[in-house]
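A.B. asks: Residues or ranges marked as domain 'Kinesin motor' by TrEMBL: 25-436. Here TrEMBL flags Gly112, Val113, Thr114, Gly115, Ser116, Gly117, Lys118, Thr119 as ATP binding site. The coiled coil annotation in TrEMBL covers 545-614. According to TrEMBL, the feature region 'Disordered' maps to 660-695, 816-877. Residues or ranges marked as compositional bias 'Basic and acidic residues' in TrEMBL: 662-680. The compositional bias 'Low complexity' feature in TrEMBL is assigned to 683-693.
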Amino acid sequence: MKTAKAKVPRKPVLKKGSQTNLKDPVGVYCRVRPLSCPDQECCVEVVNNTTVQLHTPEGYRLNRNGDYKETQYSFKQVFGTHTTQRELFEVVASPLVDDLIHGKNGLLFTYGVTGSGKTHTMTGSPGYGGLLPRCLNMIFNSIGSFQAKRYVFKSNDRNSMEIQCEVDALLERQKREAVSVPKTPSSKRQADPEFADMINVQEFCKAEEVDEDSVYGIFVSYIEIYNNYIYDLLEEVQFDPIKPKLPQSKILREDKNHNMYVAGCTEVEVKSTEEAFEVFWRGQKKRRIANTHLNRESSRSHSVFSIKLVQAPLDADGDNVLQEKEQITISQLSLVDLAGSERTNRTKAEGSRLREAGNINQSLMTLRTCMEVLRENQTYGTNKMVPYRDSKLTHLFKNYFDGEGKVRMIVCVNPKAEDYEESLQVMRFAEVTQEVEVARPVDKVICGLTPGRRYRNLPRGGPVGDEPLVTEVSLQSFPPLPPYRLLDINDEETLPKLIETLEKRHRLRQVMTEELNKQCMTFKALLKEFDSSLSNKENYIQEKLNEKEKLISGQKSEIERLEKKNKTLEYKIEILEKTTTIYEEDKRNLQQELESQNQKLQRQFSDKRRLEARLQGMVTETSMKWQKECERRVAATQLEMQNKLWVKDEKLKQLRAIVTEPKPEKPERPSRERDQEKIIQRSVSPSPVPLSSNNIAQISNGQQLMSQPQLHRRSNSCSSISVASCISEWEQKLSPFSTPVNVTSLARHRQQEPGQSKTCIVSDRRRGMYWTEGREMVPTFSSEIGVEEDHCRRGDVFKTRGGGQSVQFTDIETLKQESPTGSRKRRSSTVAPAQPDGTESEWTDVETRCSVAVEMKAGSQLGPGYEHHAQPKRKKP
Ligand code: ADP
Ligand code: MG
């Protein structure tokens, strides 16, 4: 007994003439079933033989406020409502059977919502055999006469096949038949009337180019996947309807070639369509019973019917199966009727059934995810893990998508409006699946033995009794025997003539035989020649093939290298893209920041401008104010100077009057009238202007006004010197008289004027003259002194800024000494009074200080007194 490795399903292995580089997309077909009731609203329309169009049904639009939408979906082929089972089979399934017979794997599944016609398509309905019986029919039509004897091939539980010689097989057959007669199905049995009309396929369908030098065995298995558990539907378990035993689920295993298979799954060898379908029907019945008894949602289970074809070449004599396990090929065609693809809530299942249904739905979801990942991997060259293991269904078919084979899907659609939403989902899944590519299965390995072995050792001329012998043919070509009749016993002519004729014919026959033999020899020689040339050619082809293979392997390694390079580059690109994204993000952020900063800057700029404008306005306002203030102060100062001048003039006049007076016996009290007359005669100075705001406002040219007092001051200073000398002279002259009396009288005279009660001590440092100690008192312009005094008394502290030291003017004298001549010298120095808060405000010079003081006096403190003092003098002239 020999064991053959399972080929189904297998990983692509580099073999002779391998075409593993080639890939085909999953063939997706669409079948639209007819409406069960012609009045129903239809939402699916077949546009042409590759396109269907779905449109939003009326009810759906009204319920969901949806817009009217038309969506078109393309398929490899679309089958309309009138498509027959035969048409569908010929297009979709027969190529898969063809592949199966040529040692290639195939997977065909129906997908759609419940009631869309999946089972009708796959199994068929009474009178309308589906794809499954048609496939079986085609298989047995093709390999019928080349089938191996039963039990020559034996399946084992390691997903491989064992092979035994015909004698062993015969022995086993006898043994089994002796043990259980009814269990062994018979190929000769009549089809069960239950399904007879489903397998009664009228059309004769046969695969082409079937290898006649091989023997074949067909094994079928039937499993159901429900709630993510696998159940063997062909397992021989007695079903007890009273106390039903829970069916045992099967597990998935991986064989040494990494192919998935259901461990311990029953594989039944079948020899005819009837027998195979009977096995299927048995499983189907079992499934139905289990569903009923276990209260299952039958539409929620996946069923997988697998047809395994085992093929082994005949030996060199063409008599027996070659007992070489390497030469055995196993191919498999899986026909899958998937569970309804509708969402769980549609079935209104509850409790555990809902959970189970969820699991089933989960397996379809996994199938969908697998397709999506596969497509992504194939489209973008990524290497994402396909989640086959997430469900039994996908795990079982992993090798079809990972390995090689032909995968086809029939999307079944019920055009009724209620299925619209589900149909949309089905279409989307179909779209994804169409883009998945599966490696094209490799061609069958050529067996090294000479083809035509099956018939070579049959008796010459072919099977006996079937065809006429060559000798007969030659005899037929002889001229017919003349009609010889023995008329009487003494007839001596006829017999010798007959003998002669027969001898002639015998000779002719001998010649012909010789000729034939000669021709045979020639033909044999020719055949031998042909054989040798064929083997030569074969060798040549083999060599060429080897060469090509080498080339291909070289190219493959090159491709691999390039692919690796490509992957590296892709990885680099990915990294670069990521980096670019990061940089772009940074750039965006920075730009945003820049914009915000710009906006902020703009805001600040406009704020600044506004502030500038406001400050400008304030500055203008303040400068105007200060200008006015200055003008006012200048006017005040001018006025004050004029007053001073006037006072000095007045004093001068008085002094002059005293001096020029004829020497009296007794000093006369100066008469005001007289003085006034004199003043009128001599005065050149302008009379003091009463200090009023009106007058100040009238003064427009400050400069001119400033120059006037200076002029007067100069003349005044000259005159004051002369006056001083005069006074000293006069003092010497009038030594007997008490000067203080005069002064006192003068002072008294002053005191008579209200608001002028203060007496001042005036000093002149430049000249070293002091009118001090209360004796030598000269009436002076008390208002000025009062101003200064008042100013100092308020505790003002004057500081020189340059030295940083403060110079405190504590007495009036000091201040007076500085003014008016001292003030000139210090015009540029800045003196600032200390503010109550400790800060320093700037004072331009003493003059200003004075003017301010005067102004203050004029405006508030001294105003009334001053006016009183001045006004009468104005009235005098
Ligand atoms: P599914 O397996 O998808 O749930 P079925 O194959 O059981 O659906 O179909 C439900 C019903 O519709 C069956 O009675 C079947 O005969 C009928 N049917 C389905 N497809 C067709 C078709 N193409 N032509 C005629 N009848 C159909
Ligand atoms: Mg069904």
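Note: Cβ is positioned from N, Cα and C throughout, glycine not excepted.
Unlike curated records, TrEMBL annotations are generated automatically.
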A.B. asks: Report the binding-site residues (Gly112, Ser116, Gly117, Lys118, Thr119) that meet this criterion: Cβ distance to the nearest atom of ligand 2 under 6 Å. Use sequence order and write none if nothing qualifies.
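C.D. replies: Checking each Cβ against ligand 2, the ones under 6 Å are Lys118, Thr119.
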A.B. asks: Among the binding-site residues Gly112, Thr119, which residue has its Cβ surrounded by the fewest other Cβ atoms within 10 Å?
C.D. replies: Thr119
A.B. asks: Using DSSP, would you call Thr119 (ATP binding site) helix, strand or coil?
C.D. replies: helix
A.B. asks: Quick one: of Thr114, Ser116, which of the binding-site residues has the smallest count of other CB atoms within 10 A?
C.D. replies: Thr114
A.B. asks: Compute the centroid of the Cβ atoms of Gly112, Val113, Thr114, Gly115, Ser116, Gly117, Lys118, Thr119, then list the same-chain residues not in that set whose Cβ lies within 8 Å of it, in sequence order, for the ATP site.
C.D. replies: Arg33, Thr110, His120, Ser299, Gly340, Cys412, Asn414
A.B. asks: In sequence order, which same-chain residues at least six apart have a C-beta under 8 angstroms from Gly115 (ATP binding site)?
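C.D. replies: Same-chain residues close to Gly115 (ATP binding site) (Cβ under 8 Å, separated by 6 or more) are Gly340, Asn414, Asp419.
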A.B. asks: When a 10 Å sphere is centred on the Cβ of Val113 (ATP binding site), how many other Cβ atoms does it contain?
C.D. replies: 24
A.B. asks: Through the lens of DSSP with three states only, how would you label Gly112 (ATP binding site)?
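C.D. replies: Assignment for Gly112 (ATP binding site) reads coil.
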A.B. asks: Using a 10 Å radius around each Cβ and all protein chains in view, which of these binding-site residues has the most neighbours: Gly117, Lys118?
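C.D. replies: Neighbour-count leader: Lys118.
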